[in-house]
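Q: Have a look at this one before I ask anything.
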Amino acid sequence: MSSAFNTPRFVLNKVLAKSQHEGDGAVVRRGIGRSELKNLDPFLMLDHFSVSPPAGFPDHPHRGFETVTYMLEGGITHQDFAGHKGTIRAGDVQWMTAGRGIIHSEMPAEANNKGLQLWINLSSRDKMIEPKYQELPRENIPTAEKDGVEVRVIAGEAMGVQSPVYTRTPTMFLVFSMMPGSEWHQSIPESWNCFVYVIEGEGVFGSPSSSPSMAHHVLVLSLGDGLSVWNNSSKPIRFVVVGGEPLNEPVAQYGPFVMNTQSEIEKTIEDYQQGRNGFEMRNYWRSQ
(Lines of atoms letter the chains of each structure in order from A; the text may use other names.)
(Lines give C-alpha, C1' and ligand atoms only; values in the text may rest on other atoms or scores of the structure.)
Protein backbone atom coordinates (compact mmCIF):
# COMPACT_ATOMS: atom_id res chain seq x y z
CA MET A 1 0.00 0.00 0.00
CA SER A 2 1.47 3.39 -0.98
CA SER A 3 1.68 6.07 1.69
CA ALA A 4 -0.01 9.47 1.47
CA PHE A 5 3.39 11.03 2.29
CA ASN A 6 6.99 10.85 1.07
CA THR A 7 8.24 10.31 4.62
CA PRO A 8 5.28 9.32 6.78
CA ARG A 9 5.58 9.84 10.52
CA PHE A 10 5.39 6.83 12.83
CA VAL A 11 4.93 6.48 16.57
CA LEU A 12 8.41 6.44 18.19
CA ASN A 13 7.33 6.47 21.80
CA LYS A 14 4.07 6.04 23.70
CA VAL A 15 3.69 7.54 27.18
CA LEU A 16 0.67 7.11 29.45
CA ALA A 17 -0.34 10.39 31.10
CA LYS A 18 -0.82 9.18 34.68
CA SER A 19 -2.91 11.11 37.21
CA GLN A 20 -1.17 13.29 39.79
CA HIS A 21 -2.21 16.13 42.13
CA GLU A 22 -1.30 19.67 41.19
CA GLY A 23 -2.17 23.19 42.34
CA ASP A 24 -4.70 23.32 45.16
CA GLY A 25 -6.54 19.99 44.97
CA ALA A 26 -6.67 19.66 41.17
CA VAL A 27 -5.93 16.39 39.37
CA VAL A 28 -3.88 16.37 36.19
CA ARG A 29 -2.81 13.68 33.77
CA ARG A 30 0.68 14.87 32.80
CA GLY A 31 1.83 13.56 29.44
CA ILE A 32 4.86 15.79 28.85
CA GLY A 33 6.96 17.10 31.73
CA ARG A 34 7.28 13.76 33.56
CA SER A 35 10.28 11.47 33.99
CA GLU A 36 9.40 9.33 30.92
CA LEU A 37 9.11 12.41 28.69
CA LYS A 38 10.80 15.49 30.17
CA ASN A 39 10.08 17.71 27.17
CA LEU A 40 9.80 17.64 23.40
CA ASP A 41 11.41 20.82 22.05
CA PRO A 42 9.68 23.35 21.97
CA PHE A 43 7.07 21.76 24.28
CA LEU A 44 7.68 21.75 28.03
CA MET A 45 4.49 20.31 29.47
CA LEU A 46 1.10 18.85 28.58
CA ASP A 47 -1.58 18.45 31.25
CA HIS A 48 -5.07 17.00 30.85
CA PHE A 49 -6.60 18.59 33.93
CA SER A 50 -9.76 18.06 35.96
CA VAL A 51 -10.72 20.52 38.67
CA SER A 52 -13.83 21.12 40.79
CA PRO A 53 -14.48 23.82 43.41
CA PRO A 54 -12.97 24.65 45.83
CA ALA A 55 -9.81 23.24 44.19
CA GLY A 56 -7.91 25.25 41.60
CA PHE A 57 -4.67 26.91 40.64
CA PRO A 58 -4.32 29.96 42.90
CA ASP A 59 -1.90 32.87 42.31
CA HIS A 60 1.27 31.58 40.64
CA PRO A 61 4.00 33.16 38.47
CA HIS A 62 5.35 32.36 34.98
CA ARG A 63 8.30 33.58 32.95
CA GLY A 64 9.92 32.61 29.65
CA PHE A 65 7.24 30.57 27.85
CA GLU A 66 3.63 30.42 26.66
CA THR A 67 0.64 28.49 27.98
CA VAL A 68 -2.22 27.29 25.79
CA THR A 69 -5.43 26.29 27.59
CA TYR A 70 -8.16 24.48 25.64
CA MET A 71 -11.34 23.77 27.61
CA LEU A 72 -13.08 20.43 27.07
CA GLU A 73 -15.83 20.83 29.68
CA GLY A 74 -16.99 23.50 32.16
CA GLY A 75 -14.90 26.66 32.47
CA ILE A 76 -11.87 28.29 34.08
CA THR A 77 -11.83 31.86 35.39
CA HIS A 78 -8.43 33.48 35.21
CA GLN A 79 -7.15 36.84 36.41
CA ASP A 80 -3.68 38.34 36.46
CA PHE A 81 -1.78 41.13 38.16
CA ALA A 82 -2.08 43.39 35.10
CA GLY A 83 -5.87 43.50 35.51
CA HIS A 84 -6.64 40.93 32.80
CA LYS A 85 -9.67 38.84 33.75
CA GLY A 86 -12.07 36.45 32.06
CA THR A 87 -13.63 32.99 31.85
CA ILE A 88 -12.97 30.47 29.11
CA ARG A 89 -15.58 27.74 28.62
CA ALA A 90 -15.87 24.43 26.73
CA GLY A 91 -14.34 24.80 23.27
CA ASP A 92 -12.64 28.13 24.05
CA VAL A 93 -8.88 28.73 23.93
CA GLN A 94 -6.58 31.06 25.83
CA TRP A 95 -3.08 31.51 24.40
CA MET A 96 -1.01 33.32 27.01
CA THR A 97 2.50 34.61 26.35
CA ALA A 98 4.01 35.00 29.82
CA GLY A 99 7.18 36.61 28.47
CA ARG A 100 9.05 38.52 31.16
CA GLY A 101 6.50 37.79 33.83
CA ILE A 102 2.92 37.16 34.79
CA ILE A 103 1.28 36.20 38.07
CA HIS A 104 -2.20 34.79 37.64
CA SER A 105 -4.82 32.48 39.08
CA GLU A 106 -6.91 29.85 37.27
CA MET A 107 -10.00 28.78 39.20
CA PRO A 108 -12.98 26.53 38.33
CA ALA A 109 -16.07 28.29 36.97
CA GLU A 110 -18.46 25.31 37.15
CA ALA A 111 -18.94 22.04 39.08
CA ASN A 112 -16.81 19.94 36.67
CA ASN A 113 -14.06 21.51 34.61
CA LYS A 114 -11.74 19.68 32.24
CA GLY A 115 -9.23 20.84 29.68
CA LEU A 116 -5.76 20.61 28.20
CA GLN A 117 -2.90 22.93 29.04
CA LEU A 118 0.24 22.99 26.89
CA TRP A 119 3.43 24.88 27.76
CA ILE A 120 5.43 26.11 24.75
CA ASN A 121 8.97 27.39 25.21
CA LEU A 122 10.00 30.81 23.90
CA SER A 123 13.34 31.43 22.21
CA SER A 124 15.98 33.38 24.15
CA ARG A 125 15.16 36.54 22.17
CA ASP A 126 11.45 36.31 23.15
CA LYS A 127 11.71 35.29 26.80
CA MET A 128 11.62 38.84 28.17
CA ILE A 129 8.93 40.32 25.90
CA GLU A 130 5.81 41.95 27.35
CA PRO A 131 3.06 39.50 28.34
CA LYS A 132 0.21 39.07 25.87
CA TYR A 133 -3.07 37.16 25.56
CA GLN A 134 -4.84 35.77 22.52
CA GLU A 135 -8.32 34.52 23.35
CA LEU A 136 -10.47 32.55 20.97
CA PRO A 137 -14.08 31.76 21.86
CA ARG A 138 -15.16 28.47 20.29
CA GLU A 139 -17.17 30.22 17.56
CA ASN A 140 -14.00 31.96 16.35
CA ILE A 141 -11.94 28.76 16.07
CA PRO A 142 -11.88 27.72 12.41
CA THR A 143 -13.38 24.25 11.85
CA ALA A 144 -13.66 22.00 8.84
CA GLU A 145 -15.15 18.59 8.15
CA LYS A 146 -14.58 15.90 5.54
CA ASP A 147 -15.60 12.24 5.25
CA GLY A 148 -16.39 11.74 8.94
CA VAL A 149 -13.37 13.73 10.18
CA GLU A 150 -13.79 17.09 11.93
CA VAL A 151 -10.92 19.41 12.86
CA ARG A 152 -10.75 22.52 15.04
CA VAL A 153 -7.71 24.58 14.04
CA ILE A 154 -6.36 26.28 17.18
CA ALA A 155 -3.01 27.03 15.54
CA GLY A 156 -1.65 26.26 12.10
CA GLU A 157 -3.63 24.88 9.19
CA ALA A 158 -5.71 21.82 8.27
CA MET A 159 -8.24 21.01 5.53
CA GLY A 160 -7.46 24.37 3.92
CA VAL A 161 -8.51 26.45 6.95
CA GLN A 162 -6.08 28.53 8.97
CA SER A 163 -6.05 29.77 12.56
CA PRO A 164 -5.76 33.51 13.28
CA VAL A 165 -3.49 32.80 16.28
CA TYR A 166 0.02 34.24 16.05
CA THR A 167 2.59 31.72 17.29
CA ARG A 168 5.95 33.23 18.28
CA THR A 169 7.42 29.76 18.36
CA PRO A 170 5.93 28.32 15.11
CA THR A 171 3.31 25.81 16.28
CA MET A 172 0.37 23.73 15.07
CA PHE A 173 -2.42 22.68 17.44
CA LEU A 174 -5.24 20.69 15.84
CA VAL A 175 -8.18 19.02 17.61
CA PHE A 176 -9.62 16.10 15.63
CA SER A 177 -12.82 14.08 16.00
CA MET A 178 -13.03 11.01 13.76
CA MET A 179 -16.07 8.80 13.26
CA PRO A 180 -15.76 4.99 13.11
CA GLY A 181 -14.38 3.82 9.77
CA SER A 182 -12.82 7.18 8.88
CA GLU A 183 -9.19 7.96 8.04
CA TRP A 184 -7.20 11.17 7.77
CA HIS A 185 -3.81 12.22 6.41
CA GLN A 186 -2.41 15.42 7.95
CA SER A 187 0.57 17.29 6.51
CA ILE A 188 3.15 18.47 9.06
CA PRO A 189 6.29 20.57 8.43
CA GLU A 190 9.04 18.00 8.01
CA SER A 191 11.54 19.23 10.61
CA TRP A 192 9.03 19.99 13.38
CA ASN A 193 8.74 17.89 16.51
CA CYS A 194 5.24 16.53 16.83
CA PHE A 195 3.06 14.49 19.18
CA VAL A 196 -0.50 13.22 19.47
CA TYR A 197 -2.55 13.14 22.67
CA VAL A 198 -5.59 10.86 22.65
CA ILE A 199 -8.42 12.49 24.62
CA GLU A 200 -10.98 9.70 24.17
CA GLY A 201 -11.48 6.59 22.09
CA GLU A 202 -8.76 4.65 20.28
CA GLY A 203 -7.07 5.00 16.91
CA VAL A 204 -4.33 3.65 14.69
CA PHE A 205 -1.56 6.18 14.07
CA GLY A 206 1.29 6.22 11.55
CA SER A 207 0.96 2.83 9.92
CA PRO A 208 -2.23 0.81 9.28
CA SER A 209 -0.55 -2.25 10.81
CA SER A 210 0.39 -0.58 14.12
CA SER A 211 -1.58 -1.47 17.24
CA PRO A 212 -4.31 0.96 18.35
CA SER A 213 -3.45 3.75 20.81
CA MET A 214 -5.87 4.34 23.67
CA ALA A 215 -7.07 7.43 25.55
CA HIS A 216 -4.64 9.36 27.79
CA HIS A 217 -1.53 8.40 25.80
CA VAL A 218 1.01 10.82 24.33
CA LEU A 219 2.43 9.50 21.06
CA VAL A 220 5.78 11.01 20.09
CA LEU A 221 6.13 10.94 16.29
CA SER A 222 9.18 10.43 14.11
CA LEU A 223 10.15 13.26 11.73
CA GLY A 224 8.44 13.33 8.34
CA ASP A 225 6.02 15.29 6.18
CA GLY A 226 2.73 13.93 7.50
CA LEU A 227 0.70 11.67 9.78
CA SER A 228 -1.96 9.13 8.81
CA VAL A 229 -4.72 8.11 11.26
CA TRP A 230 -7.38 5.41 11.04
CA ASN A 231 -10.39 4.87 13.29
CA ASN A 232 -11.05 1.14 13.00
CA SER A 233 -13.11 1.04 16.20
CA SER A 234 -16.87 1.26 16.68
CA LYS A 235 -16.74 4.57 18.58
CA PRO A 236 -15.57 8.09 17.70
CA ILE A 237 -12.05 9.14 18.66
CA ARG A 238 -10.95 12.60 19.79
CA PHE A 239 -7.28 13.60 19.83
CA VAL A 240 -4.94 16.56 19.36
CA VAL A 241 -2.03 16.80 16.96
CA VAL A 242 0.55 19.29 18.21
CA GLY A 243 3.73 20.21 16.33
CA GLY A 244 6.34 22.90 16.69
CA GLU A 245 9.61 24.11 15.26
CA PRO A 246 12.39 23.06 17.66
CA LEU A 247 14.28 25.95 19.25
CA ASN A 248 17.47 23.90 19.75
CA GLU A 249 18.42 26.01 22.77
CA PRO A 250 19.43 24.91 26.28
CA VAL A 251 16.52 24.73 28.74
CA ALA A 252 16.95 25.74 32.37
CA GLN A 253 13.70 25.24 34.25
CA TYR A 254 12.67 25.87 37.82
CA GLY A 255 8.94 25.13 38.04
CA PRO A 256 7.12 27.94 36.22
CA PHE A 257 10.34 29.78 35.28
CA VAL A 258 11.95 28.65 32.00
CA MET A 259 15.16 30.30 30.83
CA ASN A 260 18.36 29.20 29.03
CA THR A 261 20.90 29.15 31.88
CA GLN A 262 20.98 28.49 35.60
CA SER A 263 22.16 32.05 36.29
CA GLU A 264 19.10 33.42 34.43
CA ILE A 265 16.93 31.21 36.66
CA GLU A 266 18.62 32.60 39.78
CA LYS A 267 18.05 36.13 38.48
CA THR A 268 14.39 35.29 37.78
CA ILE A 269 13.87 34.02 41.34
CA GLU A 270 15.47 37.24 42.61
CA ASP A 271 13.28 39.37 40.31
CA TYR A 272 10.19 37.56 41.58
CA GLN A 273 11.14 37.80 45.26
CA GLN A 274 12.03 41.48 44.96
CA GLY A 275 9.16 42.44 42.64
CA ARG A 276 11.11 43.80 39.66
CA ASN A 277 11.78 43.29 35.90
CA GLY A 278 8.19 42.28 35.14
CA PHE A 279 7.10 41.24 38.63
CA GLU A 280 6.61 44.81 39.97
CA MET A 281 2.95 44.14 40.92
CA ARG A 282 3.80 41.09 42.97
CA ASN A 283 3.67 42.90 46.32
CA TYR A 284 0.37 44.68 45.63
CA TRP A 285 -1.85 42.12 43.91
CA ARG A 286 -3.97 39.19 45.07
CA SER A 287 -6.64 37.53 42.95
CA GLN A 288 -10.23 38.18 44.08
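Heads up, the Cβ atoms here are built off N, Cα and C, so glycines get one too.
Feature list, courtesy of TrEMBL:
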{"type": "DOMAIN", "residues": "28-120", "note": "domain 'Pirin N-terminal'"}
{"type": "BINDING", "residues": "H60, H62, H104, E106", "note": "Fe cation binding site"}
{"type": "DOMAIN", "residues": "175-278", "note": "domain 'Pirin C-terminal'"}
Q: Starting from the Cβ centroid of H60, H62, H104, E106, which together make up the recorded Fe cation site, report each further residue of the same chain whose Cβ lies within 8 Å of that point, ordered by sequence.
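A: Here the nearby residues are F57, D59, P61, T67, H78, D80, I102, I103, S105, P256.
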Q: Do any residues at least six apart in sequence from H62 (Fe cation binding site), in the same chain, have a Cβ closer than 8 Å to its Cβ, and if so which, in order?
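A: Non-local contacts for H62 (Fe cation binding site): M96, A98, G101, I102, I103, H104, P256, F257.
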Q: When a 10 Å sphere is centred on the Cβ of H104 (Fe cation binding site), how many other Cβ atoms does it contain?
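A: There are 23 such Cβ atoms around H104 (Fe cation binding site).
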Q: Taking every protein chain shown into account, which of the binding-site residues H60, E106 has the largest tally of Cβ atoms within 10 Å of its Cβ?
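A: Comparing the binding-site residues H60, E106, the most crowded Cβ belongs to E106.
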Q: So what pLDDT does the domain 'Pirin C-terminal' (175-278) average out to?
A: 97
